[in-house]
Amino acid sequence: MGQFTVVSLGLLAMFLSLSGAKGDNCPASWISRNGVCNKLFPDRKTWLEAEKRTWKWSDRTSANYFSWNQGEPNDVQDNENCVHLWAPSGYLKWNDEPCASLHPFICQYKL
């Protein structure tokens with residue numbers, strides 16, 4: 001699994017844990033948490049399109065937590081090299097999928 005997968009999952013987990021309190025130093029519509037500003041962008045982009053922006057996804061440290069859905073990762077047709085959060089049973093689990101899939105994304109920068 002590529003490094004971008006780990007980064008993407010880390011961002012999704014980070015966004016889900018945000019308190020919702022806006023910091024005084026973040027622009028309007030951004031959320032401050034632990035010294036960084038975060039924003040969810042609802043427009044859908046591939047990983048490569050989102051990566052072209054000037055924002056950092058995370059500190060690029062290795063993941064030490066995994067929450068794969070049952071039977072995942074299964075790399076269908078040797079084409080599923082990215083991960084998204086999926087809730088087939090009401091609980092968010094990881095599922096591998098093609099990297100060209102479109103999803104909302106989160107950007108972050110240090111204050």
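From the backbone N, Cα and C atoms, a Cβ is placed for every residue, glycine too.
Disulfide annotation in Swiss-Prot: CYS99 is bonded to CYS82, selected among CYS37, CYS82. Ca(2+) binding, as stated in Swiss-Prot, involves ASN95, ASP96; the candidate among GLU49, GLU80 given for that site is GLU80. Here the C-alpha separation of CYS99 (disulfide bond) and GLU80 (Ca(2+) binding site) works out to 7 Å. Ranked by Cα separation from CYS37 (disulfide bond), the recorded positions GLU80, CYS82, ASN95, ASP96 are led by CYS82.
Close to CYS82 (disulfide bond), meaning Cα to Cα within 10 A, are the following recorded positions out of CYS26, ASN95, ASP96: ASN95, ASP96.
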